[in-house]
Ligand SMILES: C[S@@+](CC[C@H](N)C(=O)[O-])C[C@H]1O[C@@H](n2cnc3c(N)ncnc32)[C@H](O)[C@@H]1O
């Protein structure tokens, strides 16, 4: 009989550990007595006392509750709610800014090694420019590419805090608002969220109760609009930090602000309903569009697909350069309506309201096509969609990915179909959290 070596440790027990490398999920890995521990609130190389928070077959989760030998990269968390048992929204408040970039580089590299067999792929995570007050229609996509590549990173406090333009506060059964504990439905009351955009921190939504609300959603757009929506209680759990989930759209009640906020990116103004998808970091839409254009090098006359297209950010940038047929596929009716309205001046773009996998399977979009952009939710595209893309024989594919594990699985599928990952850019679109955004270029192998 195989005995479970973790049976003798239970939740609440404490154990001394030397902490190893960061792993996907916002924690570091530690090993002791043939056990594997995923330790939050720790840094590589630290000696800590860890308290067991969850026991699983084959591994334990733990929080570093006492730091016996600190890493030189450890800092005092700027947020008072970022500690074991506190708010679970941030994973890296205790990590210095540069070390957060290195942490994410390690995670992306490890996912590519473990899931795609790429043993020596070099990865650099680039900081985004600090959020500044918006100027309407500021510069072109190509100009932004130069800007983001060479921008000197602002001092840590400026870059790491005050960036989150969409915040979902949880509300408990008694109507009290706050943020969720890590891997829990427990609501932690907070006075404000330090990573939230300044305009969201100024709202008074956390000073009173919200009977009958399940969540409060605040948006501060790059065009200067602020909107507050509530999600009525009893609509089921929504992942607190996954705005890419199409199922999370709809069902909200507007409390304040316009029905449509204005975003400014890639040389255009965009009308987006606050409950619709838009990139969360104020500099992300500009940076990602510039990177997609830089990697794909769209040429006049080339046809394109923008899969998981949202309001049409990438479709517009590509179609403006090709002047040719561009098909955007998006499953959310809200996203499609926004795309149709925002892209009305670009007649070569067709918006198809469908799930990407269904659209490819039922041949609502058919190849051949020259260029593909895809920007799936956290689960990634999956083998069926990757096969559909490869079958259309594009010249190049730009894959925008918010989960490096899902990306790495899709890298393996592309490779099995004869495609090569030729360039990878990575951006710190979510400072203080474990999340990282990658843009990968795939081209047919020689
Ligand atoms: C990460 S967002 C990208 C949106 C857009 N590319 C942008 O940057 O603004 C993913 C989008 O995919 C949509 N989506 C999710 N699952 C989908 C599916 N199976 N098929 C098509 N669209 C989907 C979501 O509604 C969301 O708009």
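Easy rule for this one: first residue shown is 1, then count along the chain.
Including glycine, each Cβ sits where the backbone N, Cα and C put it.
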Query raised in the report: Can you tell which of 330, 350, 353 TrEMBL lists as binding S-adenosyl-L-methionine with 279, 308, 375?
Result: 330
Query - Listed range which TrEMBL flags as region 'Disordered', given the options 42-70, 71-99, 100-128, 129-157 - result: 129-157
Query raised in the report: Can you give the mean pLDDT for the domain 'TRAM' (8-66), rounded to a whole number?
Result: 97
Query - Residue from 308, 330, 375 whose C-alpha is spatially nearest that of residue 402 (active site, nucleophile), among the binding-site residues - result: 375
Query raised in the report: Is residue 330 (S-adenosyl-L-methionine binding site) helix, strand or coil when read with DSSP?
Result: strand
Report task. Please find which two of 279, 308, 330, 375 have the most distant C-alpha atoms, given that the record lists them as binding S-adenosyl-L-methionine, and give only that distance in angstrom, rounded to a whole number. Result -> 15
Query raised in the report: Which residue counts does DSSP yield for the domain 'TRAM' (8-66) in the helix, strand and coil classes, in that order?
Result: 0 helix, 40 strand, 19 coil
Report summary line: Here the binding-site residues are 308, 330, 375; the one whose Cβ sees the most other Cβ atoms within 10 Å is 330
